[in-house]
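Copied from Swiss-Prot, the annotated features are:
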COILED    202-344  coiled coil
CROSSLNK  K9  SUMO2 cross-link
CROSSLNK  K114  SUMO2 cross-link
CROSSLNK  K142  SUMO2 cross-link
CROSSLNK  K237  SUMO2 cross-link
CROSSLNK  K254  SUMO2 cross-link
CROSSLNK  K273  SUMO2 cross-link
DOMAIN    4-77  domain 'Myb-like'
MOD_RES   S106  phosphoserine
MOD_RES   T188  phosphothreonine
REGION    141-175  region 'Disordered'
Amino acid sequence: MKQLKRKRKSNFSVQETQTLLKEITKRKEVIFSKQLNTTINVMKRMAWEEIAQCVNAVGEGEQRTGTEVKRRYLDWRALMKRKRMKANMKLVGSGFPLPTSDLDDSLTEDIDEKIAFRNDANFDWQNVADFRDAGGSLTEVKVEEEERDPQSPEFEIEEEEEMLSSVIPDSRRENELPDFPHIDEFFTLNSTPSRPTYDEPHLLMNIEKQKLELEKRRLDIEAERLQVEKERLQIEKERLRHLDLEHERLQLEKERLQIEREKWRLQLVSTEKPALENELGQGEKSMLQPQDIEAEKLKLERERLQLEKDRLQFLKFESEKLQIEKERLQVEKERLRIQKEGHLP
């Protein structure tokens, strides 16, 4: 099986490590953010890439990547923890009154920084040369196919916050750090706000504002659409009311015609009664003549009612057609208005 070829890079110099620590403190709010989402992860990756660019600007010859500077920082943190544990063990061995609970905490790498750095002048945390004594595996960066994922659990937020606390030294040792002249930046992190180095938050805010504006416009259009729907329902209600009124009018007209018909029948009966009394001797022809007249009148009345019914049906059809045309024009007007608003900036 063919082995993977490994390419070793040179160790980080003192100047590169000091630049790395300074750039990390400038980006504290982003790198050690407790928020967990895609945007924050992207901002963290960009922050490490910017730190790598600052380290490369030192001009030591090696081109570092964001993953390499992040791994270097984790190795530096691990070395500081081991040195802190050794210092605590020395304090315990020399008779320093360290409580048992603090000793347990030191063994679990959670001891207080003030105890960890107390009375140990030889524990020079910024002495980057100590990395060479800690083993080459901490400083060698191997370019392989199986590279560690920067988003793996070893980069958890709690570990990164502890890492930051390891960077900040005791203020009483400020004058003992000649290799790190800008160490005062570590003291003022909590008292002075750091200068914003990213435009991403402003960009995100602008994107959110645009989203809110689009959502507001969409809600306005939805409200107008609901208003149009409400008006359409109101028009439909009015149309149904008119149809009911028309139905009632037709019913009244039918009753009126019924009354008219009854009246005509009574008139015929009253006019035919004397004729029947005076002409009892006439034949069958004279008796059937009034019945023929009545049948003819009923036929004419029926035809007139049918014509009236057809006329009303035609008017109803025309009314519905006009109503549909009105609604179509209203919908077309609304579509043109929405299209016009959609082209606005």
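Cβ coordinates are placed from backbone N, Cα and C, and glycine is handled just like the others.
Fewest Cβ neighbours within 10 Å among the recorded sites K9, K237, K254: that distinction goes to K237. In this model, the domain 'Myb-like' (4-77) carries an average pLDDT of 85. Under DSSP, the residues of the domain 'Myb-like' (4-77) split into helix, strand and coil as follows: 48 helix, 1 strand, 25 coil.
Cα spacing between K237 (SUMO2 cross-link) and K254 (SUMO2 cross-link): 26 Å, rounded to the nearest whole number.
Here K254 (SUMO2 cross-link) is positioned 106 angstrom away from K9 (SUMO2 cross-link), judged by their C-alpha atoms.
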